[in-house]
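A short write-up of the structure that comes next.
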Amino acid sequence: MTISAPDTTTNAQNRLLPVTSTEPIERLLETASLYLHIPFCHTRCYYCDFNTYAGMLPVREPYVRALLTEIELAGKMAQLADNTLRRSRTIFFGGGTPSLLSVQQMQRLLQACSTAFAVDADAEITLEANPGTLTQEQLAGLRAAGVNRLSMGAQSFDADLLKSLGRIHTPEEITQAVTYARAAGFTSINLDFMFGLPQQTMQQWQETLRQALELRPEHFSLYSLIIEEGTPFYDWTHEGRITPGDEDLCADMYEIADELLHAAGYINYEISNWALPGHHSRHNLTYWQNLPYIGMGAGAYSYFGNRRFSNERDPLTYNKVLKTGRIPEVESEQVEREQEMSETAFLALRTALGLHLPTFEQRFSQPFAQFVGDRLQIVEEAGLLEHEDSWLRLSKRGRLLGNEVFFRLLPEA
Ligand code: SF4
């Protein structure tokens, strides 16, 4: 069965932001986005619970060698039935701080990806970077090596707030990094910012957004602070030393950000993400469209071949396993069809466009309405979902309730 491309002529949002690929879903399901995890940072930010380590910079080269081995093994594992290489539309270097690798190490990793996978000529290749670690020369080298998208953890334009988060960079270094990146030829830049921080006022948040908008990045990711167990912020919150922004303030901060970004021409295409037209993150859309991805590196997750699996988290153990030529997988879960259907709907409904019903039906040979049964009508009648053309999306009220809608609607959510 061939799947027609979603109708891009009748949906106003879709005209502005073609987040749905024009490729048939069968072809997309035969691709794999690649994620490479670089688990090193100069120091650990006080709120961070990512799989990343300070004080391990001397291990970078052995780690890169292990990663090269894993890329080769993954390419073989992912080959198509006729032994041809699997196509990749995006590569994402995440961390940690991938910008702590040298340009030469990045070149070797990219070369290995191109040998093990059929990487599209126009693939989106993103590098996460800490603004405090970038030089002009390095950025020019990265651009020449093929990196075409930069995603920087800026977090705030307030110097005191940056210090209180344990960030190693200053507000001036954010501006400088963007200037260097532009000079190096980067035309796709994302900046991450956080709100709901301890002591953060609405005025500081608005000032951060004002300064950020002056830089005109193509993409924004805005996250409210989540206090994760095992972080200094978790202990300090429980000791009463810090108090994160309350729910109401966070909701107001989100709303003001959406207003300012909308007025500046950005489209809120996913709950935490805004982009200028044509600059949505193709890699992140892989996740939101529930398409296959292969994560490589310590602690990386994959969703491939109806399985979800993850790698050994400790970089030293990861290196040792790869030295023996074995796959560093430690956990694996089979994803049954019904779970895949629920997750596909759940992830799509997080995006502004929502779920494209014909694509869902073509992917699973079952209409969405039949899959969820009576629940659809109940949730629609409660005003939590709305239909437009072939799309189903959360209403404004539904977006505020978020997970509750999914819980009421989806069997496995
Ligand atoms: S730079 Fe990013 S990955 Fe590293 S510790 Fe800070 S938040 Fe975590």
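Glycine too: its Cβ is placed from the backbone N, Cα and C atoms.
Take the S-adenosyl-L-methionine 2 site that TrEMBL assigns to Gly96, Thr97, Gln155, Arg167: the candidate from Asp82, Asp120, Asp122, Asp192 listed for it is Asp192.
Among the candidates Gly75, Gly95, Gly166, the residue that TrEMBL names alongside Tyr35, Glu128 for the S-adenosyl-L-methionine 1 site is Gly95. Those same-chain residues not listed among Gly96, Thr97, Gln155, Arg167, Asp192 yet with C-beta within 8 angstroms of the centroid of the S-adenosyl-L-methionine 2 site C-beta atoms are Cys41, Cys45, Cys48, Glu128, Asn130, Met152, Gly153. Apart from the site residues Cys41, Cys45, Cys48, the chain places the Cβ of Thr43, Arg44, Tyr46, Tyr47, Phe50, Thr52, Ala54, Gly166 no farther than 8 Å from the centroid of the site's Cβ atoms, the recorded [4Fe-4S] cluster location.
Fewest Cβ neighbours within 10 Å among the binding-site residues Glu128, Asp192: that distinction goes to Asp192. Residue density at Cys45 ([4Fe-4S] cluster binding site): 21 other Cβ atoms are found within 10 A of its Cβ, drawing on all protein chains shown.
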